[in-house]
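Input: a single structure, listed below in structure tokens.
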Amino acid sequence: MAMCVPTGLICDFIGRKKTLVLLFVPFTTGWFLIIFANSVIMLYLGRFITGLASGSCCIVAPLYTSEIAHKSMRGSLGTYFQLMVTIGIFLTYLFGKYLNAIHFTIVCACIPAVFVLIFAFQPESPTYLIKKGRFDDAKVALTRLRGKSYNVDLELNHIEGFLKELSHSTGSFSQTMKQKAVVKAFIIAVALMFYQQFSGINPIILYTTEIFKSSGVNLDPQSAAIIIGAFQVVATFISSLLIDRSGRKVLLITSSFLVTLTTFLLGLYFTFKTRMHIDHNVMEQLGILPVAALCIYIIAYSVGLGPIPWIISNEIFPLEIKSIASSTAATFNWLSAFVLLKFYLQLTELVGSDSTFYMFSGISFTGILFVYFVIPETKGKTISEVKEALENY
């Protein structure tokens, strides 16, 4: 969270590619501190440094992807960030079950090096290069991305023309921030990050083991986590196939509706379990309810609320403030996650587990209304078309 805004400034200064490559240093440093830790302080320091690097990566990676992708597949490529996150989580659960701590940490330390070796051959963002006046480099980069048979001039001219239009139509940073489209973009980005976190994803993941135990399913916590991780990977991959066909709004509304329904059912189950004197045999028969609700919830979240807020926050801001604006939205996302996890136990003790799930359900329902009435569809739109949609929707 602490690195979100600084990262936005850094990647505007040195470029998206260089920022991603340089993250190799804090990632590797952090993992080596963890591997060779001989004190708790050293362990905490290593984890802190890798956390800073992870926060930075969550800003630059989606930004770079959105800027290199053709508008026809920007959504699909945008979901790959979340897809890789879910694959990473799944592999963490899997390796964590079969590897000891030191071997697992060594595997983690090797991943940044592999990334740098592969990513070093990728081009810089053409949008960033045009923004810096490096038109020849931008043409070379876009040709590498699209292929020699693709006419890159039309796309380059569009980006260049839009940037020139911005330079004539906008004044200072403060004036840009006051534009109707920019204000609305900030509201949308922050709201989506709020609805993502307050769908209850992190507390529900923490509740996974208890839910499986309540159902009578004889699974150890690690196996339960692996199953949930697999659900997330499959559902996020499905999202990558659908997002540029059905659009962002349809997936978000469908996702939010199913999240609303499943969190309500989870709340209902815990009401039966903790507040009503229901026969033990009846509760055993109801054990399938929370497991089914949990699995549907994970699929629904991974299809829409998981990946799409990150995609939209990189589609709706003008180029001149995109990095700092998307960084601000990400900061709010991590802050929301921190607050929710920090006070979740106190909240459940105060109002009960069932009421907490009802709260998640109610918030997700308002998210359906927000997406339907406030957010314009961004599928297949250019930067200027998105700006126009924000002004007129």
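From the backbone N, Cα and C atoms, a Cβ is placed for every residue, glycine too.
In TrEMBL, annotation is done automatically, which means it is predicted and not curated.
Annotation comment: TrEMBL describes 1-379 as domain 'Major facilitator superfamily (MFS) profile'.
Annotation source TrEMBL lists transmembrane segment at 20-42 (among others). Counting same-chain residues at least six beyond the ends of the transmembrane segment (20-42), those with a Cβ under 8 angstroms from any Cβ of the stretch are 14, 48-53, 56-57, 60-61, 64, 102, 105-106, 108-109, 111-113, 115-116, 119-120.
Taken from TrEMBL, the feature transmembrane segment covers 48-65 (among others). Within the chain carrying the transmembrane segment (48-65), a Cβ under 8 angstroms from the stretch's Cβ atoms is held by residues 1-4, 7-8, 10-11, 16-17, 19-20, 23, 26-27, 29-31, 33-34, 77-78, 80-81, 125, 310-311, 313-314, 322-323, 326-327, 330, 334, all 6 or more beyond its ends.
The transmembrane segment annotation in TrEMBL covers 77-95 (among others).
The transmembrane segment annotation in TrEMBL covers 101-121 (among others).
According to TrEMBL, the transmembrane segment annotation covers 181-198 (among others).
Nonlocal intrachain contacts for the transmembrane segment (224-243), taken as residues 6+ away from its ends with a CB within less than 8 angstroms of a stretch CB, comprise 75-76, 78-80, 82-83, 86-87, 89-90, 92-94, 97, 205, 208-209, 212, 217, 251, 294-295, 298-304, 306-308, 311, 379. TrEMBL lists 224-243 (among others) with the feature transmembrane segment.
Residues or ranges marked as transmembrane segment in TrEMBL: 250-271 (among others). Within the chain carrying the transmembrane segment (250-271), a Cβ under 8 angstroms from the stretch's Cβ atoms is held by residues 195, 199-200, 204, 211, 214, 239, 242-243, 286, 289-290, 293-294, 296-297, 299-301, 303-305, 308, 352-358, 360-361, 364-365, 367-368, 371-372, 375, all 6 or more beyond its ends.
Away from its own ends, the transmembrane segment (291-312) comes close to residues 62, 66, 74-75, 78-79, 81-83, 86, 188-189, 192-193, 195-196, 199, 201, 204, 208, 211-212, 215, 217, 228, 231-232, 234-236, 238-240, 242-243, 248, 251-259, 261-263, 265-266, 269, 333, 367, 375, 378 of its chain (Cβ-Cβ under 8 Å, at least six residues beyond either end). As annotated by TrEMBL, transmembrane segment applies to 291-312 (among others).
The transmembrane segment annotation in TrEMBL covers 324-345 (among others). Tertiary neighbourhood of the transmembrane segment (324-345): same-chain residues 1, 4-5, 7-9, 12, 55, 58-59, 62-63, 182, 185-186, 189-190, 192-194, 196-198, 200, 202-203, 206, 309, 313-314, 317, 356, selected by CB-CB distance under 8 Å and a gap of 6+ residues from either end.
Taken from TrEMBL, the feature transmembrane segment applies to 357-375 (among others). Long-range contacts of the transmembrane segment (357-375) within the same chain, counting only residues at least 6 positions beyond its ends with a Cβ under 8 Å from a Cβ of the stretch, are 184, 187-188, 191-192, 195, 198-200, 203-204, 248-249, 252-253, 256-257, 259-261, 263-264, 266-267, 270, 305, 312, 351, 393.
Regional average pLDDT for the domain 'Major facilitator superfamily (MFS) profile' (1-379) in the model is 87.
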